[in-house]
Amino acid sequence: MVLTCAIFGGLIVYSLGFWTGMLAIATGGLCLMLYVGSLSVLAGRTGKNFALSAAETFGTRAAAVPSGFLATIVIGWFAFQTGMAGSILHGSLGWNERLTTLVAGLAFVAVTLLGIRALSVIGMIAAPFYVVLGLVAVFLAAGDSDASPTAYQGGGGALSFGAAVTLVIASFIDSGTMTADFTRWSRNGREGFLAAASAFPVSQVIALVIGGLIVALGGAADPATDGGDFLGLLIGHGGLLVPLAVVFVFVNLGSVCAHCLYNGAVGWSQLTRGRMRRLTLVLGALGVVLAVAGIWSYFEQWLNLLGVIVPPIGAVVILDQLVLPRFGLGSRGAVRAVRWPPFAGWLAGAVAALLTHAFAPWLSDAVVGFAIAALVVTLASVIDSRKDKEIPA
């Protein structure tokens with residue numbers, strides 16, 4: 001449950017209206033449930049983190065490409081969310097944006113250094129904190145409005161239904177793809193799936209719907225740009241809500257930032273054999289520098305990148321290790337330096353998603369990327385299997 005989701009939920013409802021927006025949110029949430037849930041089943045069964053799973057699918061040497069890419073992508077997400085903390089508090093309270101961003105970034109790095117237990121604690125605090133303040137914001141917005149939120153027809157935003165679904169998916173596709181770094185601690189695949197399902201669609205959809213309700217009730221100051229950001233609404237009512245809103249920003253965004261930095265440190269420690277704490281400091285410093293430099297202003301381009309390139313990675317891992325082995329295809333535990341079928345699927349899925357984004361914006365880039373990657377990795381695996389059979393013993 002992240003404040004970013006409130007912004008996205010509000011943008012979706014502003015563009016599509018209440019009911020169509022809710023359908024887009026539900027569709028994106030279900031897609032993430034199937035995607036992250038499948039990867040979590042795999043993690044729960046094998047106990048492998050993402051880097052080890054990628055090594056089985058892409059090859060022991062070639063896995064450095066997707067693993068390094070994702071471990072870097074999540075540091076970008078850390079930087080964006082850290083920059084968002086400074087931007088929101090600057091817009092709501094007039095605080096110095098760069099100084100606030102710097103302080104927030106240092107705090108988020110410190111939390112990550114405390115380890116997985118600290119991440120669990122801040123996550124347990126952040127989720128109910130979001131629900132409570134989100135519902136307070138909805139109550140305040142409802143008190144200032146006479147209209148029913150379900151009658152809201154939208155304000156004519158630029159998002160199509162497909163783009164809205166992609167926005168929901170892109171909001172967690174990077175860490176969702178690396179979910180094995182956390183769900184590998186599950187006792188079995190079933191527990192891994194249930195853990196994923198508690199996040200997608202349950203927690204994420206609640207967060208998105210709150211943002212949508214804020215917009216539908218007229219409580220958002222600038223829904224076309226800031227969606228369902230309800231921080232200004234809370235601060236505008238003064239009193240105890242002001243310090244609570246400030247603490248909320250640091251706890252809520254700190255939770256997602258710490259988890260992203262942890263993902264990145266795990267990935268790069270696997271690739272470089274370096275120490276987690278040292279890599280946390282190095283990657284955290286890089287993320288803070290990017291945040292202070294103003295990377296937040298490129299947020300839209302960042303989401304487009306996530307929606308196009310990342311979904312096919314998880315899709316080929318799922319097909320290769322969960323689906324294709326049932327038909328005598330896929331990696332099936334075989335050790336190779338490089339396996340070309342998964343790369344073919346990733347490339348084809350990313351290209352298809354990019355073409356969809358450019359020429360068919362009414363469709364979902366991410367869903368097209370899922371489908372094409374799955375199709376191509378299946379065909380490539382069949383071809384690869386036939387070649388192996390033709391090689392004389």
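Glycine is no exception: its Cβ is also placed from the backbone N, Cα and C atoms.
Feature annotation from TrEMBL assigns transmembrane segment to 12-37, 58-79, 99-116, 121-142, 154-173, 193-218, 230-258, 279-299, 305-323, 343-360, 366-383.
Sequence-distant contacts of the transmembrane segment (58-79), counting only residues of its own chain at least 6 positions beyond either end whose CB sits under 8 Å from a CB of the stretch, comprise 50-51, 108, 174-175, 177-178, 256-257, 260-261, 263-264, 266-268, 270-271, 283-284, 286-288, 290-291, 295, 302, 306, 309-310, 313, 335-339, 342-343, 346.
Cβ atoms under 8 Å from those of the transmembrane segment (154-173) belong to residues 2, 4-5, 8, 11-18, 20-21, 23-25, 27-29, 31-32, 35-36, 199-200, 204, 208, 223-224, 303-304, 306-307, 310-311, 314, 360-367 of the same chain, restricted to positions at least 6 beyond its ends. Scored by C-beta pairs under 8 angstroms, the transmembrane segment (305-323) has its highest count with 12-37, from the stretches 12-37, 99-116, 193-218. The recorded stretches the transmembrane segment (12-37) and the transmembrane segment (279-299) do not share 3+ CB pairs below 8 A when only pairs 6 or more apart in sequence are counted, and are therefore not in contact.
Taking pairs at least six residues apart, the transmembrane segment (99-116) and the transmembrane segment (279-299) share three or more Cβ pairs below 8 Å and count as touching. Residues 58, 62, 65-66, 162, 304, 307-309, 311-313, 315-316, 319, 366, 368-378, 380 of the same chain sit 6 or more residues outside the transmembrane segment (343-360) yet have a Cβ under 8 Å from a Cβ within it.
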